[in-house]
Amino acid sequence: MGLVKGNCGCYWGIKGHWSRNCSPVCEIANKNYYSRRGIAPRRTFWSVSNKSLVHLDANSLMIDYENVFYYTTDITSNKAIIESSERIRQDHGNPSVLINNAGVANGKTILEESEDERRRVFNVDILAHFSLVREFLPDMIKHNHGHIVTVASTASFLARPQLVSYSCCKTALIAFHEGLSQELRMRHNARKVRTT
């Protein structure tokens, strides 16, 4: 979270979004991690206000920590995202910070990669971001408070062999971020919902 806090101030200044009443400290944040095998993306919500940490992961995790909660969720499924989002809102409230950092890659050439493998990359690396934003952005707009962080990759600018589908998704994330930023400002008049 320290990296996010450091980058937020820099970005807000560049975009002219300085605000004294909005701290970049995350009240409830969504982050993404990977399982040990690197194939199961995990989403994590962190709450400063009630000190809860909520993980969404395709695998069932059984690590017992105080104030840490796990939700088994297949983020390639929009239905599963909606169901988990509803449970999170019931149990922890709406997140005010969403950090989209999910990413998987197959490491195969275009000809080697199966259609199912390619669709999985797109479902995790870009489409899950749309689904999560649709779930949590309305409350941020309503309160004109929140932050959505979209993490792309250098692969957005340099497509490498055996990472073409991954690079396509990461490039799409840049357009996603830029379009979302403009919609918040020009269509929703939610200038205090930040994007990084």
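Glycine is treated like the rest: Cβ placed from N, Cα and C.
These figures come from a predicted structure and were not determined experimentally.
What Swiss-Prot says about this one:
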- SER47, ASP74, ASN101, ARG134, TYR166, LYS170: NADP(+) binding site (BINDING)
- TYR166: active site, proton acceptor (ACT_SITE)
- LYS170: active site, lowers pKa of active site Tyr (ACT_SITE)
Rank the binding-site residues ARG134, LYS170 by the number of other Cβ atoms within 10 Å of each Cβ and report the first-ranked residue. LYS170
A correct count of other C-beta atoms within 10 Å of the C-beta of TYR166 (NADP(+) binding site) gives 24
Might you list, by sequence position, any residue in that chain lying six or more from ASP74 (NADP(+) binding site) with a Cβ less than 8 Å away from its Cβ? ALA58, ALA80
Note down the number of other Cβ atoms within 10 Å of the Cβ of ASN101 (NADP(+) binding site), including every protein chain shown. 19
Reduced to three states, what secondary structure does DSSP give ASN101 (NADP(+) binding site)? coil
